Amino acid sequence: MESANHSVVSEFILLGLSKSQTLQILFFLGFSMVYAGIVLGNLLVLVTVIFDSRLHTPMYFLLINLSCIDMSLASFATPKMIVDFLRKQKTISWWGCYSQMFFMHLLGGSEMMLLVAMAIDRYVAICKPLHYMTIMSPRVLIWLLLSSYTVGFVHSSSQMAFMLNLPFCGPNVVDSFFCDLPLVIKLACKDTYLLQLLVIADSGLLSLVCFLLLLVSYTVIIYSVRHRAASGLAKAFSTLSAHITVVTLFFAPCVFIYVWPFSRYSVDKILSVFYTIFTPLLNPIIYTVRNQEVKAAMKKIRTRHINSKHTL
């Protein structure tokens with residue numbers, strides 16, 4: 001409530017992706033299909049892992065949690081963006097804007113740490129296969145999962161703590177399709193240079209630490225399997241390639257958005273779309289295409305469904 005006492009602005013105007021009415025209709029149709037694909041694709045991964053007992057392993061436990069985070073990451077702003085394509089006035093309340101920023105950093109930070117947990121899982125599976133189930137016990141899995149969400153919550157809370165006492169007295173126009181922290185900070189009625197540095201340091205430190213941990217883990221895995229037989233080496237690289245692709249898709253936009261967060265380049269808006277919408281769509285596709293076990297399980301479920309229909 002303290003923020004409300006110091007602020008005249010009670011809502012923000014989102015400029016969206018385009019002012020062209022024709023483009024907005026096309027965007028409405030296109031992003032509606034993309035969002036449906038995100039939900040259906042990640043739900044398919046969830047259903048496949050849950051209903052196939054052969055996939056009840058630590059790796060797939062972490063994978064279904066990644067799917068849950070991806071669906072949530074795509075849902076904190078995308079449905080409103082889709083509806084806004086049909087509106088002339090795209091507004092969002094102060095608390096709605098605050099909520100978008102909170103959940104973006106909560107989910108983004110949690111996914112970063114979950115990707116680290118998945119890298120640890122792959123290291124144990126590839127480098128210590130005989131002790132895999134012992135090391136990656138249910139207790140360890142729960143600890144890794146809770147650690148991921150805890151880090152995401154602490155990261156997001158620390159970011160939002162900077163925002164509570166900022167006064168907003170105009171302008172109130174955000175040049176994006178959702179409330180992005182660097183863009184909203186610029187609208188405050190006070191000098192926010194130091195605050196901008198703190199935001200960069202907070203997000204940048206988390207991203208850098210997670211990326212270095214991932215880099216080290218993948219380097220160690222590759223170094224450990226270099227003397228294996230060709231078949232074992234090919235299997236290890238096949239597994240790693242999916243993880244490395246997902247990590248690259250997730251971290252690359254973060255680098256551009258949060259290393260130069262206060263620039264005026266329109267590329268930031270494009271990267272925000274990629275980060276919040278297309279990455280959650282591509283992740284289940286990558287893990288499905290690159291994973292023979294998941295493809296076999298999906299084929300088994302489809303065959304069982306077809307047989308049950310014929311029986312009826």
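Using N, Cα and C of the backbone, Cβ positions are placed for all residues, glycine too.
Heads up, TrEMBL stuff is auto-annotated, nobody curated it.
The range from 140-158, 159-177, 178-196 that TrEMBL describes as transmembrane segment is residues 140-158.
When averaged over the domain 'G-protein coupled receptors family 1 profile' (41-287), pLDDT in the model lands at 84.
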